Amino acid sequence: MPSPTIDPAIRARLSQEALKGMSFLEHLEELRRRIIWTFVYIAAGFGVCWWWHEQIYDFMQRPIMKALAANHLDQKLVYLNPTEPFNMYLKMAFIAGLFVASPFVLYQVWLFIAPGLYKRERRYVLPFMFSTVLLFLGGGVFGYYMVYPNALTFLIGYSHQFSPMITISEYTDLFLTIILGLGIVFEMPILVFFLALMGIVSAGWMWRNLRYSILVIFVIAAIITPTTDIMNMCVFAAPMILLYILSIGVAFLVHPKNRRKRREAQEAQEG
């Protein structure tokens, strides 16, 4: 005999009632369970990346090797401390493990918060998680293939009268600063999404202040660009300007005033 189908609205209401019926200790127990699974996934991600740490390092050092080869220099990094290579591998495997584990960690976050959300709120969560990961990866890919190689080639070529002695720790820190920094910069639409959802900013306000925003973007690009040339600064600034324009569209879609107008128009059309 087939099991009866439960109406989604009833299921959501039952889930809300079950959540409200949970005691404080039960909430803590649920949180503890999700935290444990989060650490399990991070440890598993670290283990996988440690197993492949040499391949990951080869991928990470490719930009500097190309820059050194382009300037006819010895393609080898150095270290000044016996523990430096091992510590570098640990740091690299841990950060790469966080990337690998991030979808599973976000899923644990979803399992913890989902019972406390209404249906209209849940529809934002999964697109938010997907967009966050996608934008961060987009920033990292842009930095790895576009910004970082050009910056390294310029910097090493600019100081051709000196012999570089680049340590693996210094290179790793610079690599992570550029890649992670651009990944965070690419999260601009997510930040605007929440600000617009709370009514703090609007699409109209962002559009009216476009010229000032572009000026601020170029100032930020000048600060975070590792070189002093205008070309690399423009390479940094161009995607941020595009992300700002995309954020205007996001603000228009989610601002409470615009959502209320669309709902009223839909009700008037249906009526």
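Cβ coordinates come from backbone N, Cα and C, glycine included.
Quick look at what Swiss-Prot lists:
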type: TRANSMEM; residues: 35-55; note: transmembrane segment
type: TRANSMEM; residues: 93-113; note: transmembrane segment
type: TRANSMEM; residues: 124-144; note: transmembrane segment
type: TRANSMEM; residues: 178-198; note: transmembrane segment
type: TRANSMEM; residues: 213-233; note: transmembrane segment
type: TRANSMEM; residues: 234-254; note: transmembrane segment
Sequence-distant residues near the transmembrane segment (213-233) by C-beta distance (under 8 Å, 6 or more away from its ends) are 147, 150-151, 154-155, 158, 174, 178, 181, 185, 206, 240-241, 244
Given the transmembrane segment (93-113), its same-chain partners at Cβ distance under 8 Å and 6+ residues beyond its ends are 30-31, 34, 37-38, 41-50, 53, 56, 125-126, 129, 132-133, 176
For the transmembrane segment (35-55), the distant same-chain contacts (Cβ-Cβ under 8 Å, at least six residues beyond its ends) come to 89, 92-94, 96-101, 104-105, 108
